[in-house]
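Q: Next up is a structure, given as structure tokens.
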Amino acid sequence: MTELKSRTRLPEKYKKLDSDMDDNEVYLTNDAKRHLAHVERHSNRMKPISAIKILFDIALSWLLLKYLIKPVRRGFLCSNLNLYHPQPVQKVIPTWLLFVLAVILPIFVVRIVRLFILLFIIGSEFVRWYYIIRTKAARVVYRIKFRKTTYNIPEWVGNLYIIIGVFIFAACANSFLTNVGKVSAGRLRPHFIPSCFHTNNYTLYCRTPNDWITNYTCVGESSDIIKEKDGANDIRQSFPSGHASTAFCGLIFLALYIYKVWCWRNIGMFPCVAQVGCAALAAYIGITRVTDHRHHPTDVLGGSILGTVVAIIAFRYMVGQFKYSTLEQGEIISRADESDIQK
């Protein structure tokens, strides 16, 4: 049996005190040692976290892809009726509303849920929580590196920081990957021909239905991509759908978070309804891109898959980064010990 000096006071189930030992010296049982080894093995959280550099690199790459790199120039078949849809007049889901639904809403819900848990969900766990705090159990803090200064912050603030930070990182990574796909694929939008030529002068290129046109110039197109007008660059960036990928990334992440937080709470069907609502809202946003004639169905499907994959990967990473102390790490204290605690 291994001796361990610690300031953490464990329940009697996990320590065997000897009369010759100090109060702070404990022997751990195999169960406690396995748990602490698992926590140590899966958490390098005390190392300073510096995500600003990563976010800066992604933002810089996104700007390069968005404004400085031209998409692949693809030709079109004159008989392809999928490119003759009328120019969209307005968007059912504008960009600002997408940002609110897929970015602001998940962050807001996360903050509210964390606050709700902190204030109201203690419930039957209050005795355990009170016991751990009063006995001055080991408090876990995060070390956040900002510029050249490292800050120690409490557990609940650190976990909230991780949730929002990972989500913002996932949104940035998703946007970056979406723009990589748009620039690499260069797929033409459903309203490409009316938007590219504005009038019926496309007949100058399409003399027969079977003509394959590669040498064409859209209205407003210039050698300098920054000076292009009338969406001459945007109409060649159909795949994947940015609205669909952003919506699925944000709302699927939120659905997974709701499941993680509420799955073991006895609150009826609320988590299921919330998850279905998130998925339905994401699907609706994707469908509107097809009805607006801004994307092909496969564009929306590709964006949906991309956003979902990014959300799942980010969520799994987020769960692995949590540091548990007080109530959550108190799972060492089983429910069977609550009677001992109350004594």
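Note: Cβ is positioned from N, Cα and C throughout, glycine not excepted.
Residues or ranges marked as transmembrane segment in TrEMBL: 89-108, 115-133, 156-177, 244-262, 268-287, 299-319. TrEMBL lists 164-315 with the feature domain 'Phosphatidic acid phosphatase type 2/haloperoxidase'.
Please go over these features one by one and say how buried each is and what sits next to it.
A: Sequence-distant contacts of the transmembrane segment (89-108) (same chain, at least 6 residues past either end, Cβ-Cβ under 8 Å): 164, 167, 171, 243, 246-247, 249-251, 253-254, 257, 281-282, 285, 288-289, 291-292, 294.
Nonlocal intrachain contacts for the transmembrane segment (244-262), taken as residues 6+ away from its ends with a CB within less than 8 angstroms of a stretch CB, comprise 98, 101-103, 105-106, 109-110, 113, 117, 163, 167, 170-171, 174-175, 177-178, 270-271, 274-275, 278-279, 281-282, 285-286, 289, 295, 299-304, 306-308, 310-312, 314-315, 319.
Residues 162-163, 166-167, 169-170, 173-174, 177-178, 181, 187, 238-250, 252-253, 256-257, 260, 282-283, 286-287, 289-290 of the same chain lie 6+ residues outside the transmembrane segment (299-319) yet bring a C-beta within less than 8 angstroms of a C-beta in it.
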